[in-house]
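Chemist: Please see the structure below; I have some questions.
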């Protein structure tokens, strides 16, 4: 795909951007400063910012990693962040960007995951997405990417409403996770979630199933973040009015319930070229496919 891929990807990215822009009007998302909206989860001394405070760096060494979380919880909406991943030899390193209903990863948590699985120098990153409902995950998909995520910032986004969850990379839909409109045990919709980012060592599983270990001589490993945007329903106890299907927000309107033709073309191309694992096709692991796989 060497010479052919870039021109096609440019078309795909353009199509995805235009398709999403029609559903998400410009300037609907609020961009937040770190101090106003985030708390460091652990290891304050492994967190840095650029001189202007606009770029945030998380460090991992043999001692510890680092992470941060939003102070605010959300239930439904559009959430995005620009990330630049650890460059060079990053085997064993996981950079995570995810939503979770609990600060302490409680056993009954709901969760929406982006996990970036590092690799040996020159090998592509693997991006893993997962969905948890009431503490049960096992819904992994893994993709390669059409660019080097260590060379520049790229945007990773989640659209979450009562009908579906869509994972986007640079506004290209890479995964759609659907609801069936009925009470079920697979679609997280009842619990508000915080947004988290973290970097940590996972060389027991992250790279080639744990065969490739973290080379601590290359530490510290640094992941970079900027431009967090959230256009969602901020949770207010006991139950904010905006979580119902009111149509007052673009992410809650009919156009956001399904993909446009352009987005569907993007998703189909990604499925043919970049998916390397889909739990819904793993019949050895799931002889009886989970209910959501049949939607």
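Counting starts with 1 at the first residue shown.
Cβ atoms here come from the backbone N, Cα and C positions, even for glycine.
Pasting the feature list from TrEMBL:
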ACT_SITE  111  active site, nucleophile
ACT_SITE  115  active site, proton donor
DOMAIN    19-225  domain 'GH16'
CARBOHYD  119  N-linked glycosylation site
SIGNAL    1-23  signal peptide
Chemist: Enumerate same-chain residues with a sequence separation of six or more from the residue listed as 'active site, nucleophile' and a Cβ-Cβ distance below 8 A; give 'none' if the list is empty.
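Modeler: When sequence neighbours closer than 6 are ignored, the residue listed as 'active site, nucleophile' has 98, 99, 100, 101, 130, 131, 132, 137, 188, 193 within Cβ distance under 8 Å.
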Chemist: For the domain 'GH16' (19-225), report the average pLDDT of the model, please.
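Modeler: For the domain 'GH16' (19-225), the model's average pLDDT rounds to 90.
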Chemist: My understanding is the cutoff is Cβ-Cβ under 8 Å with a sequence separation of 6 or more in the same chain; which residues meet that for residue 119 (N-linked glycosylation site)?
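Modeler: Listed in sequence order, they are 90, 91, 125, 126, 207, 212.
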Chemist: Same chain only, sequence gap of 6 or more: which residues have a CB within under 8 Å of the CB of residue 115 (active site, proton donor)?
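Modeler: Once residues fewer than 6 apart are set aside, residue 115 (active site, proton donor) is near 94, 95, 96, 98, 127, 128, 129, 130.
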